[in-house]
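For 58-219, the entry in TrEMBL reads domain 'CP-type G'. Marked as domain 'EngC GTPase' by TrEMBL: 67-217. According to TrEMBL, the GTP binding site annotation covers S107, K108, V109, D110, G162, Q163, T164, G165, A166, G167, K168, S169, T170. Annotation comment: TrEMBL describes C243, C248, H250, C256 as Zn(2+) binding site.
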Amino acid sequence: MQEGIIQQSLSGFYDIISDGQLYRTRGRGNFRKKGIKPLVGDHVEFEDGYLLAIEPRKNQLVRPLVANVDDAVVVTAATQPTFSSNLLDRQLIALELQKVEPILFFSKVDLLNEDEFQHLKSVADGYRKIGYSVYFNAQPFNKTDLQNLLDQLKGKVVTMMGQTGAGKSTLLNHLSPELDLPTGAISQALKRGRHTTRKVTLLNVDDALIADTPGFSSYEDFTMTKEQLPQLFPEMRAIAPECKFRGCLHLKEPGCAVKTAVEHGKIMQTRYDNYVQFQELIKSQKPKY
Ligand SMILES: Nc1nc2c(ncn2[C@@H]2O[C@H](COP(=O)(O)OP(=O)(O)OP(=O)(O)O)[C@@H](O)[C@H]2O)c(=O)[nH]1
Ligand SMILES: [Zn+2]
């Protein structure tokens, strides 16, 4: 019996990567009977061309459909499209909910003027202070950053995440030039063309397995409860014990340490404003039955 990770699945076959080697396997018949669908990213046991067992998953993303994701590189354009802290925070809370470690990578910083650069730099520093690892550089694809990122991703299952045109494929090509992924308008056209047959593949990048994920134009993923939401903001989670009331949602409650921290500039105002908006969105959602 061997162990490995499913790298891609194609009409009933599962390609498994094990010790740097690729093995094509078929699912065992009783998976389907039990309603188990092997997923890309699954840790599995296999023998003689048959996938035999799937280990319990630590998480399971929907877009892309990948299991056991460790890290997500959130690629955010500094401009073109305009930077939105709201969109960034939506992605971060979705990842926090799934226990995926976000890594923030700012692309297109080279297109900013000096004022814009200074402003976004302070934003990037704000996220760094929260505890996120942040790549923000006037030359987005410089050697040092790329090497640090590769080191950080070593041995992990990773997804790329970000708006259409943010620069996900461009970053992957810099991390691993032999991938030669289509970018820009060409990438758009190809993705539209093969929309229905799109499959998820984990790309071998150095020692990481990375899923290149199609970009999105808007992001709505508020599956968390109003009580969970403050837990998904690490800087609020850290301060919440100082709030007067247990279970404080940091909205209208008196003696709220989070609101005080916002007033004192210890928590970013944009993060708090986005938090309040997300609470409203969760509240206004129709219950799903
Ligand atoms: N100047 C500059 N251009 C960039 C940078 N990153 C990406 N681009 C350009 O932005 C365009 C979109 O980049 P892609 O890598 O295709 O973006 P993507 O996130 O993969 O987009 P989707 O595949 O639609 O999700 C391309 O024309 C890139 O050349 C950057 O850091 N600086
Ligand atoms: Zn509070």
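Glycine is treated like the rest: Cβ placed from N, Cα and C.
Curation plays no part in TrEMBL annotations; they are all automatic predictions.
Here C243 (Zn(2+) binding site) is compared against the binding-site residues S107, G162, T164, A166, T170, and the shortest C-alpha distance is to G162. A Cβ distance below 6 Å to any atom of ligand 1 is met, among the binding-site residues T164, K168, C248, H250, by T164, K168. Taking the centroid of the Cβ atoms of C243, C248, H250, C256 as the Zn(2+) site, the other same-chain residues with Cβ within 8 Å of it are A240, K244, F245, L249, L251, E253, G255, A257, V258, K259. The binding-site residues examined here are S107, T164, T170; by Cβ neighbour count within 10 Å, the least packed of them is T164. For T164 (GTP binding site), the nearest of the binding-site residues by C-alpha distance turns out to be H250; the candidates were C248, H250, C256. With a cut-off of under 6 Å between the Cβ and any atom of ligand 2, the binding-site residues S107, K168, C243, C248, H250, C256 reduce to C243, C248, H250, C256. When other Cβ atoms within 10 Å of the Cβ of H250 (Zn(2+) binding site) are tallied across all protein chains shown, the result is 23. Here the Cα atom of C256 (Zn(2+) binding site) is found 33 Å from that of G162 (GTP binding site). A separation of roughly 42 Å, to the nearest angstrom, links the Cα atoms of T170 (GTP binding site) and C248 (Zn(2+) binding site).
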